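All remarks here apply to the structure that follows.
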Amino acid sequence: MKMKIMTSHHNLSTFPLKPSFVLALLSLSLFHFFSSRSPISQTLVTQNYIVRFKDYEKSDQHRRYLESRVKSDGWKWIERRNPAMDYATDFGVLAIQKESVIGEIEGLEKVKDVNLDFSYTKRDLLGFVDGEKRPGKMFTSMSFSEAGETYAVAQTSNSSIHWGRQLLGQKSQVTSLFGADVLWSKGFTGHKVKMAIFDTGIRADHPHFRNIKERTNWTNEDTLNDNLGHGTFVAGVIAGQDAECLGFAPDAEIYAFRVFTDAQVSYTSWFLDAFNYAIATNMDVLNLSIGGPDYLDLPFVEKVWEITANNIIMVSAIGNDGPLYGTLNNPADQCDVIGVGGIDYSDHIAPFSSRGMSTWEIPHGYGRVKPDVVAYGREIMGSKISTGCKSLSGTSVASPVVAGVVCLLVSVIPESARKDILNPASMKQALVEGAAKLSGPNMYEQGAGRVDLLESYEILKGYHPRASIFPSVLDFTDCPYSWPFCRQPLYAGAMPVMFNATILNGMGAIGYIESPPTWHPAEEEGNLLSIHFTYSEVIWPWTGYLALHMQIKEEGVQFSGEIEGNVTLRVLSPPSSGEKSPRSSTCVLQLKLKVVPTPPRHKRVLWDQFHNIKYPPGYIPRDSLDVRNDILDWHGDHLHTNFHIMFNMLRDAGYYVETLGSPFTCFDARQYGTLLLVDLEDEYFQEEIEKLRDDVISTGLGLVVFAEWYNMDTMVKMRFFDDNTRSWWTPVTGGANIPALNDLLAPFGIAFGDKILNGDFSIDGEQSRYASGTDIVRFPRGGYTHGFPFLDSSESGATQNVLTSGTVKADSSILGLVEVGQGRIAVYGDSNCLDSSHMVTNCYWLLKKILDFTSRNVKDPLLFPVSSKNDAALFVDDNQLPTRRTDVNFSSYSAVVGKDLICRSDSRFEVWGTKGYNLHVRGRNRRLPGYPLIDLGRGLNSTFDTSNLRRPKDTQKNKVDSLGIRTWGMLSRDEADVPVLVASHWLLPAAVAITGQPCAVEPLAHSAKAAKEEERVWFWSTEQFIAKGTIILITSLMFSRNLNSFLL
């Protein structure tokens, strides 16, 4: 993409290096990014690629290097003419026509990797919302909402949201609502704070701004002006001085980065150049009122980490895809970024504000609490393009509200001390610790609560660098704030309850946990709680994770009450300038849990999360084909995201719902009434198929399946040219993976077809909507099936509908129930009635009746009329069953295909790291005084025989785990199978010795190679240091003199 020449000019200089910390550039490429997200391309298209280099050099040097090393033709260097070209850069943009060129370039010594240059067509300037409920979408279109519009509330929200309109004119200025005038009266106005606004630009002579320091253009349009109004409005909220629409920090220095065109188009490469320039020019705060669901655009995400590692405080909008859950936008979902949600003036969560949890750690982990904070985002006054004020709404508004608060808080600290005290972690600590928790919303709606400027000011006044945990209190008795944990107590025998907290390290960009976290019970009853921890050994940049895997021990099977205590861990960071010893801080996480006696089997339901696949990394299509503006399945498909209403319903009905994040071999079927499979896209291990057959027939496990559409012709028809990647995309699978489900159900004589059925139907007065569901084509004799004369909207079915027009339609079976051996099975062809994302009508009534049957053998006459009993089996030949796509490398997306079967850290402790087989009874655990011991059976009081199992290969180099993610064995303490997720902070940016002892890192300035260089970027291969059973992981590191004596 050719860039236009900017009007501003800058002196040539080398790219400045920050001297106070280790800046990791993340040269790890744990799996090739696009091998797992590559679309199906039928046409050779010239595409732009970002070539990332291991060193920062001038652009011409990178170009000459490639020209001298790449022998193939079919590529062209694209010149970028923008202010960043005056500095060294770490990437180049190439137009590539031949795929073979990519491999050749990636093999070069100085090249880090090659990635598509994504087009962010509406990478949501997180548009000011227009009053309509916005479903999740790949890129949200920008819109403008003037004051005076009324907002409807979807029933999917957990919050009580005010329906009526609140005019800003009835309220005070938003700045005074936060008490900004108090700080203004003390002389704090944002003076000498460099505020970067990445948006649509601003006009140089705008009368609302007194301190526009610089405007830069990073697009291919030859203008610096804002012709949309988005960037101007954002700047006005932050630093406007007009009396009608005051900003928070009127004296802040505005640096306007125009990264979007008038058509709302941007590219990753534009952002990378602009980010590099922000680092080079030492910005203090950066606002991004943009976002999207793609957290696997590695060049973008890793550059965000580099931005924050360089002590730039980034504030970003959480997204306008509410009230749906699991709709957090990137980069606001990243832990080192301050993610902001929106509220109205009644302190209710705005209906448009995206809800958590973060989804980049599921399905094989648990998400973080996001947003971090909320701020007013309804009918906020800001600046128009040229003059005057207007009222707008959206998280694009809430984000600059917080960015303005941050600017004001930065100016409170003397300029000479700012970089020593303020950083992304310390600012987030001040915001979340000072925030006011709202009474209605839960933690995944409001984060820490509404920003409180004056409380945060008091925290920063006396701040000393320290580490902390967010949230710092986990009170699972506090409803609704602690939803979903407050809805379901702990009990013995359950799958581990997982909670993923964030470590905030205000002491430095890099740190590490000195020793494993420790659980300190307040009373003896606390010994009934067993906690296994997984966590970031290396904390970078500024943040890490602490995951709690909590189980009640077997001797607590009849315990009823509360358990309290705290978890402590100690964080160390390098000494700051002038300090001789490492900084240290002890973090405390307060814990309060409610425990009940283990419920009976028939009340326990196990939800299969393991076999879920979502976008990203692949084109996983939506479940309801009637929804045209949301083509991707990206909400997580988790009990606590888009199935949260169903979860609440099951709890209200008296069921206890647990989550299985490992294969079927990793749970004991004796403990559960029903296994619930809903909208699943992955394949199944053969061992899973065999075990499930035995579990149902011999153990009496109930099985409930809610499937989805699957039609090959329709999937091909859904192929589209994506402007984002500039290539053709075809769905990886249908709404569900019907061929895989058919394999799973084959032992029971059950199979789904490939029809796509739509229509309303009634079962004895109970009305429901069947939305893009499939049909049942095999079902055993003696079972009960329900069918209706729906039209088939699939590509093949549409033709048949025309041919049979005017004739009576044959019924298609959509619901089947049958007893098999000791167990019971129910199958239904549509899951949209359980999914809050695009639900038309719910079918919770049906699910409850189904569970009554599968778990308790209660046969509701509604579902078991004599007329529905099959006197003969439904059957079609194998060649009439749906088949798998052969043109997709499904292993790129699957946790099964090409992977090892292993029980992960979300299964019960006794089977971690095993296949789940060979369980046998062991000696009983220690009994606490006053608590009787009850043997719950083989699955709960068991161990495994290590002589007959393949152990995890902790020292295997570049191991590919069961998720298809490359790991280096035990990268985090206390377990051997934590995945090293590419888009998470589990990538270790420092030398780490996995030996149980600290590893001394040779001071670079004292080494022979660095004797003449005080500061230098060093790069190592991750494969260079594996020997004698010791794994040392070294990624791209930038060492400085301040860390020469620091031991990692």
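Backbone N, Cα and C atoms are what each Cβ position is placed from, and that goes for glycine too.
Curation plays no part in TrEMBL annotations; they are all automatic predictions.
Owing to the predicted nature of the structure, the values given are computational and were not obtained by experimental measurement.
The feature active site, charge relay system is assigned by TrEMBL to Asp199 (among others).
Residues or ranges marked as active site, charge relay system by TrEMBL: His230 (among others). Cβ neighbour count for His230 (active site, charge relay system): 26 (other Cβ atoms within 10 Å of its Cβ, all protein chains included).
Annotation source TrEMBL lists active site, charge relay system at Ser396 (among others).
Residues or ranges marked as domain 'Membrane-bound transcription factor site-1 protease-like N-terminal' by TrEMBL: 45-115.
As annotated by TrEMBL, domain 'Peptidase S8/S53' applies to 190-442. On the 0 to 100 pLDDT scale, the domain 'Peptidase S8/S53' (190-442) averages 95 in the predicted structure.
Taken from TrEMBL, the feature domain 'MBTPS1 third' covers 470-598.
Positions annotated as domain 'MBTPS1 fourth' by TrEMBL: 599-868.
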Residues of the domain 'MBTPS1 third' (470-598) by DSSP state, where helix covers H, G and I: 11 helix, 67 strand, 51 coil
Residue counts (helix, strand, coil, in that order) that DSSP gives for the domain 'Membrane-bound transcription factor site-1 protease-like N-terminal' (45-115): 23 helix, 28 strand, 20 coil
The one of Asp199, Ser396 whose CB sees the fewest other CB atoms within 10 Å, among these active-site residues: Asp199
Distance from Asp199 (active site, charge relay system) back to His230 (active site, charge relay system), taken between C-alpha atoms, in Å: 7
Rounded to the nearest Å - Cα separation of Asp199 (active site, charge relay system) and Ser396 (active site, charge relay system): 10
